[in-house]
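Below you'll find the structure, written out as C-alpha cells, and then a few comments.
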Amino acid sequence: MLAEPVPDALEQEHPGAVKLEEDEVGEEDPRLAESRPRPEVAHQLFRCFQYQEDMGPRASLGRLRELCNHWLRPALHTKKQILELLVLEQFLSVLPPHVLSRLHGQPLRDGEEVVQLLEGVPRDISHMGPLDFSFSAGKNAPADIISEEQNSPSQVPSHSPQTELPSEEIPALHPLNELPPPQPAPIRPAEPEEWRLAPSSNWPMSPEPQEILQDPRESNPSQGPSWLEENSRDQELAAVLESLTFEDTSEKRAWPANPLGFGSRMPDNEELKVEEPKVTTWPVVIGAESQTEKPEVAGEPLTQTVGQETSSTGWGGTPADGSEVVKVRGASDAPEPQGEMQFICTYCGVNFPEMSHLQAHQLQSHPNLQPHPSSRSFRCLWCGKTFGRSSILKLHMRTHTDERPHACHLCNRRFRQSSHLTKHLLTHSSEPAFRCAECNQGFQRRSSLMQHLLAHAQGKNLTPNPEGKTKVPEMAAVLCSHCGQTFKRRSSLKRHLRNHAKDKDHLSSEDPGSLSSSQESNPYVCSDCGKAFRQSEQLMIHTRRVHTRERPFSCQVCGRCFTQNSQLISHQQIHTGEKPHACPQCSKRFVRRAGLARHLLTHGSLRPYHCAQCGKSFRQMRDLTRHVRCHTGEKPCRCNECGEGFTQNAHLARHQRIHTGEKPHACDICGHRFRNSSNLARHRRSHTGERPYSCPTCGRSFRRNAHLQRHLITHTGSKQEKEVPQECPECGKSFNRSCNLLRHLLVHTGARPYSCALCGRSFSRNSHLLRHLRTHARESLY
C-alpha cells in the first residue's frame, strides 16, 4: 500500500488507475516546479499549519491539499486515497476544539464531507467509498505500515499486491468518539525500504525521491548528521522555521510533537482507558537523515507498548501542553542517547530539558498570552480569570471571600498572604533588617534599601541628620502626565490615575463615541443600574451597598452590620477604644487612617482644589464637589417620602429621621433624645454650662456660634456694617437677619403655613401653633 509500485505490475492489476493519475498530472511547468517549496520545507509548513477563522474550513482544506501535494508528490509515490487520508487527519488535528466538537458521532469519510458538515450542506451518501482512518489517530497503525529495509540505493522499489487495498474495499471510518481498539500487527519479512522510522519525532513522513533521501555525509563528508546544515536547502528550511516560530499567531504556544495524535485534544479523551498493555505498530516516518540508519541497527524495535507511551506523553505521544519536543543531535556521528528531549518555547526560543520547566517559564515570561488548549488552567468561578496553578487561584479567591488567615500576634492585624505578614512584622522590629554598606543606614524593607542605594549611585548628597544617620533625598520616580503630580511609586501613580479616569468616564457618558473605550477600561457592569467597574470586587461591594442592601458582616458587641469586613474591623476599634493612628504634630489620635489623612491637611496651607466660579479653595476634591452644587443648585439626593432634595447624602439621612421618628442620640444626664449629634452637643452645654464661643472684644461667651456672630455686629465700627442689607420689598423695612425678614413677609402675603391637626386652625408662626396646642392639652386634662 505504501511502497512505490512498478508501473507494469500496477497496469496489470489496475489498468486504469495509473492512467488516471497520468492524465490528471500531465506535463508540469518548469517555472512552477522551481517556485514551489522543496519537500522538506513543504513538510514543515504542512505540519505547522494552524486553522484561522478568517480563512474558513474550505480555504484551510485547500491550503493543506496544496502543501501535501508539494510534500508527498502523490503522482510519483502514493495513491490519491492516501493523500486524502493524510489531509483529513491533519485537517482534523488543526480544527479548534469548539469546531471539532460539532463532528462528534459523525462517520467521516473524506475532507469534503467534513467541510459540508461544518457548512451545514447535506452530505451525498454515494460520493465515494469510505477511507480507512484507523492509523491516523496517532495511537495505532495498519499492520502493513511497517519499516522496510533498503537492500540497495539503486534498487527500484517493488510493490506487493497483498499490501494494497482498492478504494472500494477500504473499511469504513469510525466516529471520533468511537475509535477502534488497536490490534497487534505481525512483523512481515523485510522488503526494500521505502518507509522508515525517523529517530527525531513520531511524525509520519512520505518517501522522497532518491536524490533527496541521499545521505548528506556521502555528498559532503565534513557535514554531520544534523538536518539543518549550511546549504541552500537547509537555509531555506531554517528561514521558514524561524518565521513560523516568531511570526505566528498569538494563540499558538508551541508546535505539537505529533500532530497526528489529535486524540489528546479531544474533549472526550478521558473516556479512552487503557485496560491492558497492547503491542501496536506506530506510523513509520521518512526522515531527512541517511537511509542506512535503520531502527534494527540501533537495537530499537518498531513496536511499543501503549501503556508505556501514554504514561509519559499522553495519547498519541503528544506532550501535555503541546510544546515542541525535539531531540538535539550533536556534530558527531555517534548514535544519540535516549532521553535527551528538549522542550522549546516558540515565543522566545529558549530550550528546557523538562516540560515542567517550560510551563514555569511560560507562566513567568509570557503571563498575558492565552494558554494552549491542552494545558492545565484553573478558572475563578467569581470573575472568570484563569491561572496556571491552583495555589495562585487559592490566593486569588481570598480577594472575593476577604479571607485573611495570617494574623499578627502583636497588633492582631490580618493578611491574605504570609509574605505580607512577614513584611508587616518588620514594622514592629526595632532592629532594621537591611543596612547600607556605605553609610550603615538601616531599613526595614529591601525596596527602601534599593532606593537608597540608587541615590548613592546617582551621586546625590546624603546629609546626615542629628542622630548620625543619613537622610535619603526625596525622589520622584514617576510623573502624572495629566496634572504634573509626582509619586515615588508606580502603584501610587496608578491609584492617582483612577481619579482622572473617573472624570473621563463621566464625560464619556455624555459622548456616545467614547462608550467603547469606557467599557474596555471598566469591564464589570452592574445589571441593575449600568454602572461599570474595573474590578469584580468593586461591583460586588456596589451591589451590596446600593441595590441589595446586604450587610453580611455584623458586630458581636452592638449588632451593627456592614457590607465589608474592613469596615467591621475599623468599627470594632470603637468598642476597644483603640486609636492606632496619631498625628505627629499635635498628637491627636484617630481610629482610621483616612481620618488622620484629613486631619493632616488642617496643619498645612495646601488647598489644591479651587472653584472656577468664586475662586474658593478646598483641601479635598469631595469638598469642592459639594461646594459646586451651591452654584448649580443641583440636589441629587432626594427623599422618597416627600421628594425634598439635598446636596449631600448625610443631609438626606438626617432628614429621613423626621419621617421615621428615629432619635438615636440620647443625653446620658436627662435622657432627652435628639436626631442629630450636633443637637445633643448643644444640649449638653445646658447641663455643663459650657460656653465655648467667646467675643474677642468684650469677652462675652455664648453657647452657639450663631449667637456669637450676631453679637459681633454690635462691635463693628461703621453703621453700614451694623445694618445688614436685608430689606422688605413691600414696605422697605430692614432686618439684620434673614429669618426675621422671612417671618415679616408672611404679614404681607397672609400665608399661614402652620395648621393645627385637631381643629384645623392656621398660624403664621410656629411658636403661635405651639402656644395653641397647649390649649388642647389643658382641655384633655379636664
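Glycine too: its Cβ is placed from the backbone N, Cα and C atoms.
Annotated by Swiss-Prot as zinc finger, the relevant range among 170-192, 239-261, 607-629 is 607-629.
Given the ranges 50-72, 96-118, 579-601, the record in Swiss-Prot names 579-601 as zinc finger. Long-range contacts of the zinc finger (607-629) within the same chain: residues 499, 598, 601, 635-636, 647-648, each at least 6 residues beyond the stretch ends and with a Cβ under 8 Å from a Cβ of the stretch. There are 13 other Cβ atoms within 10 Å of the Cβ belonging to Q485 (N5-methylglutamine). Across the zinc finger (579-601), the model assigns an average pLDDT of 81.
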